[in-house]
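Peer 1: One structure, as structure tokens, below. Some questions next.
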């Protein structure tokens, strides 16, 4: 039975590796420039600093706009990331210095003044890209010094940007933008204001090689005090794993040893005793679970998400997701998810057929919709919100068509092919014990052995091993920090899998020892319960650790985090069940069952 997995898995993984290699591209644009040659500068977006999802097009604010605004053609991942690059009004030719060059003179109307003032009050920042290097800056400032009443605050717009560019021979290495604190436009009152927007450019030579120009962004997450916290997180997790596994292994090994000795007695001695414990239910422990089509679909989706996570880690560890490789992560997620749908189809249908299911087509449809369905509904709602806000998070119609085509032409066919391969695998469920015709009645159990307390115990321990690292991930995804220590994150992920598997196995044993044979679904939901704890952490992070606000940002944060945590539930639930299945098969194979 085990060998039937090899061929389809080999095919899927082979295609997947080829597709992943196509995602790997060299560092940004390797352009060499001559003196005075134009270097591409694109304005990307503006938005409230504390609301990373709420971003708008650069020229939605009444900045100086060139006569012809040229939009940069963007890849799928860039659009999904909310990037909308257009030609900027500033001209930064290679090694050409400028001192207070005027971009435009503009009379701001009352409405434009009010618009800018609202943006300054919300800490709007702008983002640009110069030769694919990121530039940030705030558009203005609020003067609160010595003022307690908000009505006395003064609002100012920066009108002079100082660009400092470092170069090495004929290449751009680094760029920074500084706002002149003395060149301001007063926006406090609702009246027309004359504004003269200017910029300066200074060039300086550096010895930094072109290949290392992104290192400064990578190093920001590798500062000594950050590394200390990361290593403390790993040590904390490792100690948790050692204590947990050591404690549970000691108990389980001792208890199982006694069980094997007791159950290994000769038949006459065994007949004189009344069977108790997990051997007593050997005729029911492999009885197939209720809702087996849904159960198989959960395993298929969980296996696909696990495979997706592993390949994302592989790409991260080889350096594909270097800082500001715009859209690379989103592109990888879409492509790999589409290509791994065959694994979901194969796993779900194969297991469903092992459970003696008849309607494998319905099971395949359920597998395809189990994760994509909630994700699609969430996307529809959030995309509508983004359209109402006119934010860049709203996907253009063309991008939506591309995603639908990927799902129709790649995801669905591979899902069906995987399902057909799973159906034709002719695998049989390997059960060491025969299942009786009628199930035994489960004895009444204390409240702490019910599903919810068991889920709380099973989810808390894995969550405690990863919660320190979660803060840095959240600060990167829902903030402006950069996360590049993927090796540490991978170690934490391995620890998460080990703890999840071990605690689920332990709880499964205690459940069987209490003569409760309905362990299938219990092991799955206990393994996946860490996802619920992660979502609870979302509430803490939003209200205690972030300054996010507003309906759009709130809905995006809790909407997409719900989908991510649901994915974790399916993935870790699959890990918990697979570990429990191996354990249950092992212990019942080790005793003589009549």
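Quick reminder: no glycine exception, Cβ is built from N, Cα and C everywhere.
What TrEMBL says about a protein is an automatic prediction, not a curated fact.
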Peer 1: So which range, 260-285, 364-389, gets flagged transmembrane segment in TrEMBL?
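Peer 2: Of 260-285, 364-389, TrEMBL gives transmembrane segment for 364-389.
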Peer 1: Write down the single range among 205-228, 229-252 that appears in TrEMBL as transmembrane segment.
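Peer 2: The range carrying the transmembrane segment annotation in TrEMBL is 229-252.
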Peer 1: Quick check on the annotations: TrEMBL lists transmembrane segment for one of 419-443, 519-543. Which range is it?
Peer 2: 519-543
Peer 1: What range among 175-194, 455-474 does TrEMBL record as transmembrane segment?
Peer 2: 455-474
Peer 1: Might you confirm whether the transmembrane segment (395-417) is in contact with the transmembrane segment (455-474), defined here as three or more C-beta pairs under 8 A between residues 6 or more apart in sequence?
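Peer 2: When sequence-distant Cβ pairs are counted, the transmembrane segment (395-417) does not touch the transmembrane segment (455-474), since fewer than 3 lie under 8 Å.
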Peer 1: Residues of the same chain, at least six outside the transmembrane segment (555-584), with any C-beta under 8 angstroms of its C-beta?
Peer 2: 53-54, 285-286, 298-299, 301-303, 305-306, 309, 370-371, 374-375, 378, 381-382, 385-386, 393, 458, 462, 478, 496-497, 500-502, 504-505, 508-509, 512, 519-520, 523-532, 534-535, 538, 542, 548
Peer 1: Could you give the residue numbers and ranges of same-chain residues that sit at least 6 residues beyond the transmembrane segment (294-322) on either side and whose C-beta is under 8 angstroms from one of its C-beta atoms?
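Peer 2: Residues 16, 20, 23-25, 27, 214, 217-218, 328-329, 332-333, 336-337, 340-341, 343-349, 351-352, 355, 357, 363, 366-367, 370-371, 484, 486-487, 489-490, 493, 520-521, 524, 528, 567, 570-575, 577 contact the transmembrane segment (294-322) from elsewhere in the chain.
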Peer 1: Let me spell it out: take the transmembrane segment (519-543), skip the flanking residues so only those 6+ beyond its ends count, and list any with a Cβ under 8 Å from a Cβ in it.
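Peer 2: 285, 288-291, 295, 298-299, 302, 451, 454-456, 458-460, 462-463, 467, 470-471, 474, 478, 496, 500-501, 503-504, 507-508, 511-512, 554, 557-558, 561-562, 564-577, 579-581, 584.
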Peer 1: Honestly, do the transmembrane segment (328-352) and the transmembrane segment (395-417) touch, with at least three Cβ pairs under 8 Å and pairs 6 or more apart in sequence?
Peer 2: yes
